[in-house]
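Trainee: Grabbed the feature section from Swiss-Prot, which reads as follows:
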- 161-176: compositional bias 'Low complexity' (COMPBIAS)
- 1-87: domain 'IF rod' (DOMAIN)
- 1-83: region 'Coil 2' (REGION)
- 84-182: region 'Tail' (REGION)
- 158-182: region 'Disordered' (REGION)
- Gly27: site 'Stutter' (SITE)
Amino acid sequence: RLRSEIDHVKKQCASLQSAIADAEQRGELALKDARSKLADLEDALQKAKQDMARLLKEYQELMNVKLALDVEIATYRKLLEGEECRLSGEGVGQVNISVVQSTVSGGYGGAGGYGGASGLGSGLGVSGGSGYSYSSGHSLGGGFSSGSGRAIGCGFGSSGGSSSTIKYTTTTSSSSRKGYKH
């Protein structure tokens, strides 16, 4: 009877050792599977970060283009308002447009200028142009000038990031005529 209990305990011990071995094997497989899933998730996270950085860069470039176009629209609007005032006979003082600079990365650069002239005679000339080029960055330019006693100019430049600088000055000359009755 003692021998049968010993045999029974040995069988239980063997069965428990087998269960332990099976549990260790299942644990190792689960650990390998978890490590594989972790590696896949880390790869997906790295790819998501790269995609996010690329999308952020594209967004910043689009915002820079939008800013430049907004500046150009504001400049043309001011030029048109100045022309309307000049044609209606109202005096136009000096007008300045200020634009907050936005820098993304690297450096920034900009250029602007203004000029004025007056003379006799009448005439009106308008010229304008804008361009856009893309090559690991972007560049925008625009220009406008009008004659008839006034010259107006603006400039915009961008390099290695983004910036916008506009200087816009309007000068007018006026004369008064007095009529005499005889």
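Backbone N, Cα and C define each Cβ position, glycine as well.
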Trainee: Within 10 Å of the Cβ of Gly27 (site 'Stutter'), how many other Cβ atoms are there?
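Mentor: By my count, 10.
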Trainee: Count up the helix, strand and coil residues in the domain 'IF rod' (1-87) according to DSSP, in that order.
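Mentor: Its residues divide into 86 helix, 0 strand, 1 coil.
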